[in-house]
Every structure is written in structure tokens, then in C-alpha cells.
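See below for the structure under consideration.
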Amino acid sequence: MQSLKKYRRITVKIGSALLVDRASGLKRDWLDSLADDIAVLAQGGAEILVVSSGAIALGRTILGLGKRALKLEESQAAAAVGQIALAGAWSDALGRGALKSGQILLTLGDTEERRRYLNARATISTLLKMKAVPVINENDTVATSEIRYGDNDRLAARVATMMGADLLVLLSDIDGLYTAPPARDPKAKFIPVVDRITPDIEAMAGAAASELSRGGMRTKLDAGKIATAAGTAMIITSGTRLSPLMAIERGERATFFRPSANPVKGYKTWIAGQLEPAGRLTVDAGAVGALASGKSLLPAGVKLVSGNFSRGDTVAILSPDGREIARGLVAYDAADAVRIAGLKTAEIETVLGYEARSAMIHRDDLVVSHAGGDISGG
């Protein structure tokens, strides 16, 4: 396993079940041990960002809401109570190692809308320059099912790539990736290293999540695809033991995901990491080949348009068999895209009634994903 001390900027994600016990509340001893690990890495020159789940779980414990399913407004109220307690706990724990901390609450638009993405990145960068540890969570007090990340694994990957982290560590209640969910298959084999997240690797993930958290192995692999495509390595390991980061240093079990050899950079990192494409364009075999060779997507190659998107939105591009092969910023809104799908460039102006762009998605706004999980700028 790779030593954490070789990395200069590390994003660490903590699952709810690690931080919160339903009976006793916050696991302070565990949190203190993790904060001590962070202090060791910081003293070695690393910059650490924390993505911390647990606000709703902690809030429902404080409020005595029990195990029943919560209504949306109850979850948001629990998050409000839990978040203030969680922020204080992080401040106290990190302060033991003379580390300052700052709370960042994000909603989906803060990473998916370009201007807000740049603003969030600037704020977090300033915290790091000031030697403060950013403690980041989704703003569950205002997020709804339609406008939320849904899990902090993908949020952590989005933060890691936004901030140019060279390592993402997902601490969970499972110690890595297996050939099948170990709870279902006692013969499942542990996988120490993943070179690329292929469809075969994705098939190994079960959909089940912990009782207190929303994520499962599938969301962790989704996070891995986002992170590794941008050149960020990833580790999945158990956080149930004390001092979980130093446990990695000691060689405890963990799965290491290698970063892409051809990572997406800069502007295209934002496009590639979009979590919720506004629509989908299904293309023909000829367009698949053109995209793979670095060309723009022309209307002639588009066979099906789905979704209600506007010009400039991110859309997913699907192959004839339904696999996602690229993402890009579309040059037309959905209504016009439907009208010109399948048309040659010379026919577009006649149909739309105005001089329009020749490409549905220009190559400069396009990120092509290749088999095996690598992504290139096209």
C-alpha cells in the first residue's frame, strides 16, 4: 500500500456510521484519533481536506428521533442541529493538534455551476493557504432530493478534483473492494489494487449501504471514476479502528485505485466530474469513432435526444448500446437539438431559421471517456 506521507494534498471522507453511534451519539475518542492522524500528516507538510458526513445522524440522536424514517423537513431540522454540533466537535478535535478548521457547506450547484464552482474553489484554497483544515459537508438543511449530491462519496471526489488533491481516502465500514459483497458471498476475494475501474470492477459492487449512511460500494466506485479520471489516486479502507489514517501507514488492509495515466485537467475536470447531466444524446457508430479521434460532435451523428436542457448545460453522450462515452457542454437547447438531430451541417440553418453552430458539442467543450475508465480531453 502507498504511504500517505508521499502525498501533498489529501481529501479524507468520513462516513456517518464511523462518527455517530445511535445510542451514545458522537464517537469522540474515534474523532480525536483521526484528528491526531491529520495533525501528523499536516506536520509532514500535507494539506488535508475533510469531507464529513454525520450531520443528520447526529442531529436525530440529539433530538431523540429514533430509528423511524424521517420526513424531508425532519431530516433538514436534524441536519441543522447536527451540523452545529459536528462543527464544534471537529474544531475541538483538530484544535488538540493546534490545527485551525473552517466549515464549508455545499449544495449541488456549488460544484455543478461553473461560477459557483470557481468561487467555492477560491474559498477553500484560501483556507488552505491560511493553514486551516476545511471541513466540508453537503448543506442538508436546504438540499432536497432533486438538488442534492445524494452521498458524500461523490461529493468528496468532486471536492478532491476541484482542489487538485493527489489522493482521496474514503473511510468507511468496509476495508476495501472485494470480488463480491463479502456479507453475501463468504468466498469473495479482496482486491488490493485497481488499475482501472472497468465494467467488471463495477459489477463487483453491491448496492447496499450502511444503516446510518446513504453510500455503498457502488457510490464509492462512482467517486473513484471521478477522482482517478482527474489524476487523483483513491484509497478505500475501514475507518472502524482508531487512528485509521495511520493504520494505512502500518499496512492495514485497503484497496488502492491508481490515477489515470492521461488525466483531465483544468476546465475539462469540471465537465468530466459533473454529477447530474441535464440530458443525454445517443449517437451512431460513426460519431463514436469521430469522438474517439478527438473531433467535435456534429448533429448528423445524433440519433436520440432526451432531457430538458438549455444551451451550455452538461449532457451525457451515449453509444448505440447505451453506454456513456463522453460528456460535454451542448451548444443547443433541447428543443432545437431534437429538430436538428441527424441533419447535415448545411441543413441546420434552414430548419432553425438562423445561422447556427456547426457542432452540437465542440471538441473544446467535450470530454471523452474510454473503456476502462480513462478519460481524455478529446
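Residue 1 is the first one shown; counting continues down the chain.
Backbone N, Cα and C atoms are what each Cβ position is placed from, and that goes for glycine too.
Annotation source Swiss-Prot lists ATP binding site at K13, S172, D173. Residues annotated as substrate binding site in Swiss-Prot, with sequence analysis given as evidence: S53, D140, N152. The feature domain 'PUA' is assigned by Swiss-Prot to 278-355.
What Swiss-Prot annotates, mapped onto the structure for a quick look.
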{"residue": "K13", "record": "ATP binding site", "CB count, 10 Å": "31"}
{"residue": "S53", "record": "substrate binding site", "CB count, 10 Å": "29"}
{"residue": "D140", "record": "substrate binding site", "CB count, 10 Å": "23"}
{"residue": "N152", "record": "substrate binding site", "CB count, 10 Å": "27"}
{"residue": "S172", "record": "ATP binding site", "CB count, 10 Å": "25"}
{"residue": "D173", "record": "ATP binding site", "CB count, 10 Å": "16"}
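On the backbone, the CA of D140 (substrate binding site) and the CA of S172 (ATP binding site) stand 20 Å apart. Residue counts for the domain 'PUA' (278-355) under DSSP, helix first, then strand, then coil, are 26 helix, 23 strand, 29 coil.
Listed binding-site residues near S53 (substrate binding site): K13 (candidates K13, S172, D173; Cα-Cα distance within 10 Å). According to DSSP, S172 (ATP binding site) sits within a strand segment.
Here N152 (substrate binding site) is compared against the binding-site residues K13, S172, D173, and the shortest C-alpha distance is to K13. In this structure the residues listed as binding ATP are K13, S172, D173; their two most distant Cα atoms lie 12 Å apart.
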